[in-house]
Amino acid sequence: MSMYTHQSNNELIPLKTVSTLNDLIKTIRIIFNQKEINVNEIHKILNDFQCDFTEWQKYIYFNKTHYTRNLIDEGNGRYNLFLLCWSEDQGTRIHDHSGAHCFVKLIKGCIKETIFEWPKYFTVEKSNYSINQIDLPLTVKSVSEMRPGDVTYMHDKIGIHRLHNPSTTETAITLHLYFPPYTNSMIFEESTSRMKKMDVTFHSKFGKQIPQ
């Protein structure tokens, strides 16, 4: 359960309990109606938020061959709120976030996050990809494990990362908030640092599976 106040145009929104998924969606929409977005405020709301697990059920789709991305709210083009559903031992490729701010909250299971330094040929400030990519392995910056309720924040200025469900017996579910939303990202080979573009697609939208 989360309690929040938010100042909008010098008017204080009354204290409200955020204890349902619908409350969370409304709260996030209020925040994104403002000109300036406070990432610390978003982190606190997501960190404090808990709801009944049954509220996630319509967005949960598992696939034995790959994790699934399931859209909950597209925020009028300003953000994407979605669930990732991970079967046993599934993970992402190492990837960037196309300049977006990315929050991840673990709903169920365990997720291992490995953050890597940017390849030597890449300059984040200039978004400069070198044509001559040197085949050097990526450098690990940090490794951590998320437990239910944990919230992490990621941005390209921090590095690139990989998420993985390390369990061979349990599934995992994560809630993601990305802003601004994006339709593709760069994926990287760990052993060579080489990269290529990957489209970002959804397995389901608003609880309905998309025909593949």
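Glycine is no exception: its Cβ is also placed from the backbone N, Cα and C atoms.
Taken straight from Swiss-Prot:
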type: BINDING; residues: H95, H97, H161; note: Fe cation binding site
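In the three-state DSSP scheme, H97 (Fe cation binding site) is classed as coil. Taking Cβ-Cβ distances under 8 Å and a sequence separation of 6 or more, the neighbours of H97 (Fe cation binding site) in its chain are M154, H155, D156, Y178, Y182, S185.
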